[in-house]
Each structure stands twice: as C-alpha cells, then as structure tokens.
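Visitor: Pulled from TrEMBL, these are the listed features:
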type     : residues : note
REGION   : 1-34     : region 'Disordered'
TRANSMEM : 55-77    : transmembrane segment
TRANSMEM : 89-112   : transmembrane segment
TRANSMEM : 132-150  : transmembrane segment
TRANSMEM : 210-230  : transmembrane segment
TRANSMEM : 257-278  : transmembrane segment
Amino acid sequence: MEGKEEDVKLGANKYSERQPIGTSAQTDKDYKEPPPAPLFEPGELSSWSFYRAGIAEFIATFLFLYITVLTVMGVVKSPTKCGTVGIQGIAWAFGGMIFALVYCTAGISGGHINPAVTFGLFLARKLSLTRAVFYMVMQCLGAICGAGVVKGFMGKNQFTTLGGGANVVAHGYTKGDGLGAEIVGTFVLVYTVFSATDAKRSARDSHVPILAPLPIGFAVFLVHLATIPITGTGINPARSLGAAIIYNKDHAWDDHWVFWVGPFIGAALAALYHQVVIRAIPFKSGS
C-alpha cells in the first residue's frame with residue numbers, strides 16, 4: 001500500500017498545479033502553416049494531379065446534382081408531402097451528399113464541390129487563381145450534366161412541370177430577401193469549411209476526433225432547413241446554374257443573379273472573418 005501511495009504522490013506532483021489548456025498552452029507553433037498559394041501557378045498546367053483534381057470536382061458535382069435534384073423532384077411530384085421525405089429529407093440529401101463527397105474527394109482536390117467554397121479559399125490564398133478557375137468550370141459542367149441526367153430519367157415534360165429543381169426566390173419574398181438568405185447561408189458553410197480544415201485548430205484539438213466532412217455536411221443540412229422556403233437554398237452557384245440551364249425557363253433566370261452574387265459575397269465575408277478575426281492574419285487576396 002505504501003508503494004501505491006508513493007506512486008499516487010509522484011503522479012500528482014509530476015505536473016504543476018495549474019496546467020495551461022487550449023490556446024494558452026501554445027507557447028510555440030505546434031502545427032505547420034501551409035505557405036500562401038501563388039496567384040498564378042503555370043507549372044500546374046503540366047501536372048496530372050491538377051487535371052485529376054478537376055475531374056474529381058466534375059464527378060463529385062455531377063453526383064451531387066443527380067442525387068439532390070432527383071430528391072427534390074420526388075418531393076415536388078408527390079400530391080401529399082406526408083408521403084415523401086419532405087423538406088427535412090431534401091436537406092438531408094444535400095447535407096449527406098456533401099458529407100460523402102467531401103470525404104471521397106478531399107484527398108484529391110480538397111472536396112470543394114462549390115464555386116463559392118473555391119472562391120473563399122482562393123481569397124484566403126489556399127489555392128491559385130489557375131486552379132480556382134479550373135475548379136469552378138469543372139464544377140459547373142458537372143452540375144449541368146447531373147441535372148441533365150435527371151431530366152433524361154424523368155422526361156422533359158415532367159421535369160419542366162415539377163420545376164427542374166431550379167432555385168428561385170419564393171413568392172412573398174423580395175430579391176433582397178433571397179440575396180440576404182444566400183449571403184448568410186453561404187457564410188455559414190464557408191466559415192465551417194475554414195474552421196473544419198484549419199491546421200491550427202487541428203493541432204490544438206488533436207485529442208478530439210473530428211472528421212472534417214461531417215461538420216461541413218451538417219452545415220449544409222442546417223442551412224437548407226432554414227432557407228428552402230425562401231430560395232430553395234442555393235449557396236452553391238454550380239448547383240443553381242446546372243438546374244437553371246437544364247430547366248431553362250424565364251422565371252428561373254430572372255432570379256439567377258441572386259445565386260451567384262449572394263454566395264460569392266457570403267464566401268468573401270467568411271474568408272475575411274476567418275483570416276482577420278479568427279486567425280488574426282492580415283488579409284491579402286493578391287500575390
């Protein structure tokens with residue numbers, strides 16, 4: 001028993017009585033800060049990994065539109081919402097697909113699947129302009145193809161009658177309301193992306209098991225619950241563009257600018273907030 005008591009005393013006195021925790025425990029950097037990406041990186045154009053990442057973004061956005069627009073079509077088609085997954089099911093489809101696809105593609109392209117996310121990360125100098133533009137083009141092409149496949153399955157008449165999953169500002173709301181909803185919704189998403197992938201946070205909270213795609217997908221789910229009644233929830237210009245092109249009706253194009261301007265403003269604000277306030281890093285979008 002005496003030996004055990006000595007062990008207990010030794011263990012109790014091994015560390016000082018007041019142990020710093022959290023950020024106060026970090027006297028030196030215990031993480032590796034990735035260097036800022038250059039504005040232009042011509043060498044990327046000759047790298048297979050560059051094109052492989054673009055292909056991954058195309059396929060991911062294609063699958064994202066296919067599953068989510070098909071879910072929306074199923075809900076709209078039913079004469080009674082009680083017989084469908086409803087708004088909650090649509091929100092789960094969007095959030096769940098982002099969780100799955102970010103998990104699958106994060107190691108290849110970073111798992112953006114959204115021009116607004118790419119834009120926010122570009123402003124924070126996480127990737128070059130060359131790669132950002134390439135990602136956005138591939139995301140939009142994937143979205144168009146995904147919505148096109150849904151139209152092929154459902155037939156032109158039924159697809160058009162059911163609205164094609166296109167984003168529009170709902171009756172009773174102004175375009176300003178829709179713009180505000182898209183700005184705030186995209187801010188929530190992009191801010192979550194920054195926080196979930198932050199090297200400093202990962203080092204500080206290394207004892208907390210966290211799967212980055214999970215909070216990102218959950219953020220998408222929550223934003224959809226809040227804003228589906230207002231805009232159908234865009235927060236992803238590629239998703240809005242793909243559905244609008246395949247649906248191709250005037251009232252969808254009338255509101256379409258909302259689903260580009262709003263997400264890009266929201267992404268820029270999230271990048272600014274994370275870099276200047278959370279990380280306390282001077283904000284620079286240039287090289």
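Keep in mind that glycine also has a Cβ here, set from the backbone N, Cα and C atoms.
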Visitor: Under a Cβ pair cut-off of under 8 Å, which of the recorded stretches 89-112, 132-150, 210-230, 257-278 contacts the transmembrane segment (55-77) most often?
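Guide: Ranked by Cβ pairs under 8 Å, first place goes to 132-150.
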Visitor: Could you tell me what the rest of the chain brings near the transmembrane segment (132-150), counting residues at least six beyond its ends with Cβ under 8 Å?
Guide: 50, 53-55, 57-66, 69-70, 73, 109, 112-115, 118-119, 121-122, 159, 164-165, 237-239, 241-243, 245-247
